[in-house]
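Per Swiss-Prot, the features are:
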{"type": "DNA_BIND", "residues": "479-498", "note": "DNA-binding region"}
{"type": "BINDING", "residues": "215-222, 278-287", "note": "ATP binding site"}
{"type": "DOMAIN", "residues": "187-416", "note": "domain 'Sigma-54 factor interaction'"}
{"type": "MOD_RES", "residues": "ASP57", "note": "4-aspartylphosphate"}
Amino acid sequence: MSFSVDVLANIAIELQRGIGHQDRFQRLITTLRQVLECDASALLRYDSRQFIPLAIDGLAKDVLGRRFALEGHPRLEAIARAGDVVRFPADSELPDPYDGLIPGQESLKVHACVGLPLFAGQNLIGALTLDGMQPDQFDVFSDEELRLIAALAAGALSNALLIEQLESQNMLPGDATPFEAVKQTQMIGLSPGMTQLKKEIEIVAASDLNVLISGETGTGKELVAKAIHEASPRAVNPLVYLNCAALPESVAESELFGHVKGAFTGAISNRSGKFEMADNGTLFLDEIGELSLALQAKLLRVLQYGDIQRVGDDRSLRVDVRVLAATNRDLREEVLAGRFRADLFHRLSVFPLSVPPLRERGDDVILLAGYFCEQCRLRLGLSRVVLSAGARNLLQHYRFPGNVRELEHAIHRAVVLARATRNGDEVILEAQHFAFPEVTLPPPEAAAVPVVKQNLREATEAFQRETIRQALAQNHHNWAACARMLETDVANLHRLAKRLGMKD
């Protein structure tokens with residue numbers, strides 16, 4: 001089999017149709033899966049000796065949240081080291097990173113695997129992986145044909161990374177380096193709320209504004225602060241952390257501003273406070289709402305004038321510190337109640353950010369679950385940790401009052417339980433491995449008897465039309481992908497669509 005010009009042109013066209021990089025990457029992967037007739041495909045970005053999934057097709061959704069470190073995945077390491085097409089024999093002793101991650105075939109291992117390293121010049125920027133359940137699935141394609149596919153994918157990924165770098169540089173001062181511009185903590189999530197949060201982080205990171213990060217306990221406010229710092233011009237200087245809720249009143253002022261020898265009993269030497277430690281960098285004040293009103297007044301002075309006084313010292317010290325503050329309280333309500341200073345609130349909330357709770361992030365829970373599964377796999381030395389369909393369904397329907405932190409602990413506990421009940425180093429997480437409390441549901445209301453306005457044939461055809469429309473929308477109006485989703489032959493689907501009046 002050989003690729004026609006039309007096939008390659010179609011792949012190139014799909015890359016241009018997408019709105020934004022994510023959509024283009026998904027179109028590329030979906031099209032490749034159709035052209036190569038593989039069971040699963042993935043586009044991965046290479047960064048710091050790990051592969052980060054950008055788009056997948058035919059794989060469990062939690063793969064998008066996983067981070068594949070080369071040390072734990074010898075096949076991916078082989079792809080990263082290769083300068084060309086890598087074909088793994090069906091009897092390869094190297095474990096496939098996607099074993100157990102093809103929906104409906106969790107217990108089966110991938111047989112055919114091809115890896116295509118992607119380069120920008122001499123630099124490895126990513127990889128394409130193609131997997132199939134038949135041992136000889138890719139034998140019909142020559143290395144030259146696969147190189148053409150890799151070249152198209154590498155061009156798309158390289159352009160996306162270049163645009164990302166240029167956009168980041170435009171937000172930073174002119175003397176910032178490209179490396180500083182793109183360096184940023186990974187925040188996992190594709191939900192609208194997280195997408196908006198990432199955009200706001202990019203905007204505010206390049207400035208020197210104080211930021212107030214609000215959100216429920218366990219949502220990841222510290223991770224947001226870290227992302228802001230690492231994407232800012234201050235990234236080369238320290239990010240200093242202080243949990244205000246853990247500060248005893250007697251030592252709080254010393255922790256913030258430092259003290260001199262003899263300032264109080266036990267002050268046997270001079271000591272720098274967090275503000276001095278964060279000079280020219282960033283200070284992250286977690287749980288800012290827990291500070292006393294007296295300390296709030298002193299913190300306000302630092303924000304206003306940029307100088308501090310160590311406890312027991314009459315001299316002032318100048319500091320250049322950006323303050324990021326976080327709280328799980330509604331500080332506006334705290335101001336009205338007289339527990340938080342209004343002037344400090346306005347100083348801190350120049351650019352407020354809100355981290356959405358996990359229950360409002362949709363499928364992000366599955367991506368995060370995949371991330372934590374991969375973490376557990378590496379820590380416990382397991383060959384694979386996968387989520388069953390029942391476990392994924394449970395995670396999607398639980399509300400997680402403890403947010404991401406609760407999910408992380410739940411995954412770790414489930415892995416330990418599942419490992420104890422299985423022999424070997426492969427773990428499949430089932431719903432019974434999670435100890436979530438029962439959720440009391442309201443009694444169902446009596447359903448009204450529907451008024452029948454169609455005969456059985458009309459109702460059936462209306463249902464078929466709507467099902468096909470939804471499948472087409474989810475697959476970018478690609479009929480072949482739609483047929484695969486509906487588990488029917490594409491020719492039969494075309495005939496049915498014509499009979500239903502959906503095609504000429």
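Quick reminder: no glycine exception, Cβ is built from N, Cα and C everywhere.
Features per Swiss-Prot, on structure.
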| residue | record | Cβ contacts under 8 Å, 6 or more apart |
| --- | --- | --- |
| ASP57 | 4-aspartylphosphate | GLN26, ILE29, THR30, LEU32, ARG33, ALA40, SER41, ALA42 |
| GLY215 | ATP binding site | LYS221, ALA326, ASN328, SER354, VAL355, PRO356, PRO357 |
| GLY218 | ATP binding site | LEU358, GLY402, ASN403, VAL404, ARG405, GLU406 |
| ASP279 | ATP binding site | ASN237, VAL319, ASP320, VAL321 |
| THR282 | ATP binding site | ALA225, ILE228, HIS229, SER232, ARG234, ASN237, PRO238, LEU239, VAL240, VAL321, ARG322, VAL323, LEU324 |
| LEU285 | ATP binding site | LEU242, CYS244, LEU291, VAL323, LEU324, ALA325, ALA326 |
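Averaged across the DNA-binding region (479-498), the predicted model reaches a pLDDT of 80. In the DNA-binding region (479-498), the DSSP tally of helix, strand and coil residues is 17 helix, 0 strand, 3 coil. The 10 Å shell around the Cβ of LYS221 (ATP binding site) contains 24 further Cβ atoms across the protein chains shown.
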